[in-house]
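S.K.: Pulled these from TrEMBL:
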type	residues	note
COMPBIAS	389-399	compositional bias 'Low complexity'
COMPBIAS	400-409	compositional bias 'Acidic residues'
COMPBIAS	448-466	compositional bias 'Acidic residues'
COMPBIAS	486-504	compositional bias 'Acidic residues'
COMPBIAS	538-547	compositional bias 'Basic and acidic residues'
REGION	377-409	region 'Disordered'
REGION	448-547	region 'Disordered'
TRANSMEM	12-36	transmembrane segment
TRANSMEM	56-77	transmembrane segment
TRANSMEM	98-118	transmembrane segment
TRANSMEM	138-154	transmembrane segment
TRANSMEM	175-199	transmembrane segment
TRANSMEM	219-241	transmembrane segment
TRANSMEM	253-272	transmembrane segment
TRANSMEM	278-296	transmembrane segment
TRANSMEM	303-323	transmembrane segment
TRANSMEM	335-357	transmembrane segment
Amino acid sequence: MTWRSRLRRMFFVVAVPNLVVFFSLAAIATATVLLTSSPSAWLPTAIAQSWMVTNLAPVVAADLTISALPILPALILGWMLAGNIHRAIKDKVSVNDLLALLGWVIAIPIVLIGVAWFMLWDASQVYDLSPPPLGNTIARALVLHLAALLIGMGPRLWRALAKRYKIPRDVVDGVVLAALSLLALLATAAVVLLVALAVNWKNQALIADSFPHLAGLGLFAVIGLSVLYLPNALVAVAGILLGSEFHIGDASVSLFSVHLVPLPPLPLLGAVPGSASPWAIGLLVLTAVAIGYVAVKKRPSFYQAAASGVAAGIIVLVSGYLTAGELGLYESVGLMVFMAAGLAVVWVGGIGLAVAAGMAIKARRDEAADVSVAAAAEATTEETESSESTEAAESSEIIDAGEADEASDDGAVDYIDGELEEETSVANEGGSQGEAVSVGAMSEELIDNLEDGSFPDEVPGEDDIEDRIGTATHEPSDGDANNEPSVEDVDIDNAEQTAEEVLPDSDNGAQEAAENDTEASGVELADDGHDGQQQSNEDDKTGKDTQ
């Protein structure tokens with residue numbers, strides 16, 4: 001987009017709201033001149049003066065100055081301008097667009113104020129009026145339009161600009177917090193003003209009766225003027241709730257004292273009490289509640305709270321500047337601006353800092369509580385694991401002890417069985433020295449004979465084979481009956497072959513082999529921990545292998 005198109009677009013963004021208000025004022029001025037049967041020469045003067053009032057420029061006539069003007073028309077103009085700006089830049093905008101927009105926001109009101117000022121200067125040659133001071137007039141108009149620009153840009157765009165130019169976001173959030181806090185204070189002030197109007201309705205009736213023959217258009221004008229000054233009254237009550245003073249000439253009103261002089265005959269001023277009530281100071285609680293509610297809801301940080309205090313002071317300062325001024329014979333009307341701005345800093349910033357500190361303390365306590373809970377949970381977990389490990393160790397010790405007892409019991413039985421078996425073997429050896437030998441002994445003897453190359457002198461007879469088979473073979477148990485063959489099922493040829501391979505040198509050698517075999521069997525039974533039944537099964541298997 002070129003600068004020409006950019007300037008043309010932004011021109012209409014700023015000019016349209018101003019032109020709409022200008023032509024609306026022209027229509028109202030024309031209707032007023034026609035309804036009052038005033039000379040048509042007054043029309044240009046009425047239009048110019050209306051535009052000045054809308055931009056909060058002072059009105060000077062017959063050596064009287066009215067600069068404490070109603071701000072409702074100015075608020076309407078600012079609201080229209082801010083809304084149009086926001087609609088134009090809410091979706092997409094560049095820095096150059098903002099620069100063009102800023103240029104038109106400054107240029108257009110200056111041009112329109114200049115035109116109106118020259119119209120009033122020309123009218124001053126005929127009528128008893130004067131154009132206002134040009135510098136003060138332009139300053140007020142620029143403050144109004146720049147405030148509309150700042151509001152129309154919105155928090156989102158301001159945050160983006162702050163990020164672009166490396167400004168802390170807390171500054172923007174602090175300004176938003178200050179604006180919300182003051183809006184809450186204005187809402188509270190509206191409630192207080194409504195109650196004051198309801199309580200002091202008799203004063204308003206007396207003011208209305210002070211106007212002779214007030215009816216029709218005059219009554220409408222008085223009521224309309226009170227409505228136009230209603231935002232001014234809200235600003236004044238808000239300042240009073242902050243603890244400041246509101247002055248109308250020599251009269252002063254605050255929560256602590258009230259000093260009155262004859263006031264302008266405006267029904268709205270009938271809400272001013274004649275004296276300060278002792279409980280009026282308690283209205284400060286409403287201020288704390290209104291500002292504290294916003295602070296608690298937004299939960300500002302310390303930087304945001306500090307920025308909100310400064311921003312609140314600036315906003316109150318600007319508002320006091322726009323609403324204060326002269327009102328004819330009342331030279332000073334409005335809040336004590338600097339006092340109100342300082343109190344706004346204290347209220348908004350102080351409450352924001354207090355809330356931030358409370359949130360920080362709460363966060364630390366929650367963190368400490370979380371740490372305590374985590375430590376307790378960890379300790380509980382460790383205790384549970386320790387108890388489980390202790391129980392497991394105790395169970396393991398019990399199991400090991402049981403196994404050791406069982407092993408010792410089995411060893412005792414096997415040892416006894418081994419002694420019985422040894423005694424049995426010795427008895428058998430005493431009856432016959434030609435008993436059968438174990439497979440291990442026969443195998444070793446056979447291998448030794450094969451290695452030495454010696455062969456037996458005589459082959460055992462068939463009767464000796466049968467005797468040896470009968471001696472080495474025991475009766476099978478019930479459990480082995482199904483799995484092992486009986487003596488009768490043994491292959492005789494294999495038995496004869498085994499007998500031919502067994503070559504005992506002498507009866508003494510056979511007896512020693514049998515004794516060694518018996519001792520080895522007893523030791524094996526004692527080491528392996530088998531019961532008596534297992535020993536019998538092993539003997540059966542040994543006999544079968546021998547066959």
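Even glycines carry a Cβ here, placed using N, Cα and C.
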S.K.: Please work out which recorded stretch in 56-77, 138-154, 303-323 has the most C-beta pairs separated by under 8 angstroms from the transmembrane segment (98-118)?
M.R.: 138-154
S.K.: Can you work out which residues elsewhere in the same chain, 6+ from the ends of the transmembrane segment (219-241), have a Cβ less than 8 Å from its Cβ atoms?
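M.R.: For the transmembrane segment (219-241), the nonlocal Cβ contacts are 68, 70-73, 75, 182, 185-186, 188-190, 192-193, 196, 208, 211, 253-255, 266-268, 271, 283-284, 286-287, 316, 319-320, 323, 334-336, 340.
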S.K.: Return the stretch with the most CB pairs under 8 A relative to the transmembrane segment (278-296), choosing among 12-36, 175-199, 253-272.
M.R.: 175-199
S.K.: Take the transmembrane segment (253-272) and find every residue of the same chain, 6 or more past its ends, with a Cβ under 8 Å from one of its Cβ atoms.
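M.R.: Same-chain contacts beyond the flanks: 193, 196-197, 200-201, 203-208, 210-211, 222-223, 225-226, 229-230, 233, 236, 240-241, 243-247, 280-281, 283-284, 327-328, 330.
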S.K.: Could you check if the transmembrane segment (335-357) is in contact with the transmembrane segment (175-199), meaning 3+ Cβ pairs under 8 Å among residue pairs at least 6 apart in sequence?
M.R.: yes
S.K.: Among 12-36, 56-77, 138-154, 303-323, which stretch has the most Cβ pairs under 8 Å to the transmembrane segment (175-199)?
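M.R.: The stretch with the most contacts is 303-323.
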S.K.: Determine whether the transmembrane segment (303-323) and the transmembrane segment (56-77) share at least three Cβ pairs under 8 Å, counting only pairs 6 or more apart in sequence.
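M.R.: The transmembrane segment (56-77) and the transmembrane segment (303-323): touching, yes.
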S.K.: With a Cβ cut-off under 8 Å, give me the same-chain residues at least six positions beyond the ends of the transmembrane segment (138-154) that come close to it.
M.R.: 14, 55-57, 74, 77-79, 81-86, 89-90, 98, 101-102, 105-106, 108-110, 113, 318, 321-322
